[in-house]
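Worksheet for the structure shown next.
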């Protein structure tokens, strides 16, 4: 399954445990599902067993939210003790010790995954995995404390579902590098906006081609279980590893995610721009042709099917136009202008998805339901849905300030393309729900209807079929036309692996969707009734239009 972010990007180149719970008096305890704040050896071993199971397989018995919060809060529990502590388990290594705030030197700690973190002196050889805490961090702490508690934690989250979040549950090869989290905490305080950032060095081998490394932290405020965010962190790739510079303290990791190099982005952008330009020409021809037919043929004033086709073509025309303006403008203009371009592009993208769904709904009435298909003011109601529903979604998304500058970077973290979309650092739930989730619903509905319609077409009796000689060719043309109307090619972004060939096919086919629609419209409506390719579909259109009168 391809990355949900891949749909937007390709188109644009295109455990706070609850307290007060009573123990059940009967039945066995299920600590994997339960939540508590007990850190004695008995409860700790229970949680460790659950954590191990979830790390390995992501069992249904896992309460991911509770387990994640449990281990995040375990660090805070260690901070409450007064003595230096070391924790050494197969998946958790932790060091807690007192540090003087009146220091003249930065503090260094090793982060070797197989060892408990330890303080490293300035004159020692620096370990490949390490963290540097600037002295200014301790001097800026509130309360004029002379001594503070510092906790350094290394957590192996394994390949399961823990600490994955929506950004990594995409099946596109993304993941936490070496399944390792590094936690930093000082004095049980929420430390943010450091004047001098801390530095974490992750050593690793050279990443695979078309993969990039990004420094992130676990943001517990995102959603119900938290998610990864890169806000406040910068990424610098060095020969010895990747350096993360962040202006706050929390749990950090290095994400490995698919990316596109500059040459690929450039080629895809040119393909998309050329395809969109050609598509706009054909879509404009479709709209003009419909206007001509509406003036010259009386039946086009009452038929709903041509109106729906033209509405879809209009939404795609405006979507292509918004895309060309967006790519051409890049980061130019004010933040408000970028917000507007992102909102307009999002709106017409949702309009295109909606009209594809309405095309499928109309096909359902024509070929599947057939009888009792009368709806008063049918096209008006479809228009309210096709143009109004996306507007409501964009208003809701825009009110959360989700639009802004979006940057596509290559594996060296160089900017490949800038445009206005969902801004970086914002919650991605709006993107997942209003773009990928919404498209998935309309796409699956369209596929079900298309399958039913194709089955009907290919099982027509010989009495109503056209001549045997050209039957198969005409059926194939009908299938291709219907596929264009319901947006079959968009499924490449959801149901196929995000390989380079898929990227090119997606960019080409979707930018040329307008060409397919124009050819379908011309073949279906321009010739006389006797030479129409899909006579069965035309008769269905006429029958449905008659029922609306």
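Even glycines carry a Cβ here, placed using N, Cα and C.
According to Swiss-Prot, the disulfide bond annotation covers 215-244 (among others). Sequence-distant neighbours of residue 215 (disulfide bond): residues of the same chain at least 6 apart with a C-beta under 8 Å from its C-beta are 200, 230, 233, 234, 235, 242, 244, 245, 246, 252, 254, 255.
Swiss-Prot lists 233-246 (among others) with the feature disulfide bond.
Taken from Swiss-Prot, the feature disulfide bond covers 338-420 (among others). Non-local contacts of residue 420 (disulfide bond) by the CB criterion (under 8 A, 6+ apart in sequence, same chain) comprise 326, 329, 338, 339, 341, 342, 345, 403, 404, 405, 406.
The feature domain 'GAIN-B' is assigned by Swiss-Prot to 107-262, with sequence analysis given as support.
When pLDDT values are averaged over the region 'GPS' (215-262), the model yields 85. Taken from Swiss-Prot, the feature region 'GPS' covers 215-262, and the record attributes it to sequence analysis.
Annotation comment: Swiss-Prot describes 1-20 as signal peptide, evidence class experimental evidence.
Annotation source Swiss-Prot lists topological domain 'Extracellular' at 21-270 (among others), citing experimental evidence.
For 296-304 (among others), the entry in Swiss-Prot reads topological domain 'Cytoplasmic', with the evidence type experimental evidence.
Taken from Swiss-Prot, the feature topological domain 'Extracellular' covers 327-338 (among others). With a threshold of 8 Å between CB atoms, the same-chain residues lying at least 6 positions outside the topological domain 'Extracellular' (327-338) that come near it are 12-13, 269, 272-273, 403-405, 417-420.
Taken from Swiss-Prot, the feature topological domain 'Cytoplasmic' applies to 365-378 (among others), supported by experimental evidence.
Residues or ranges marked as topological domain 'Extracellular' by Swiss-Prot: 401-428 (among others).
The topological domain 'Cytoplasmic' annotation in Swiss-Prot covers 455-474 (among others).
The annotation topological domain 'Extracellular' is assigned in Swiss-Prot to 496-501 (among others).
The topological domain 'Cytoplasmic' feature in Swiss-Prot is assigned to 526-549 (among others).
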Within 10 angstroms of the C-beta of residue 244 (disulfide bond), what count of other C-beta atoms is obtained when all protein chains are considered?
26
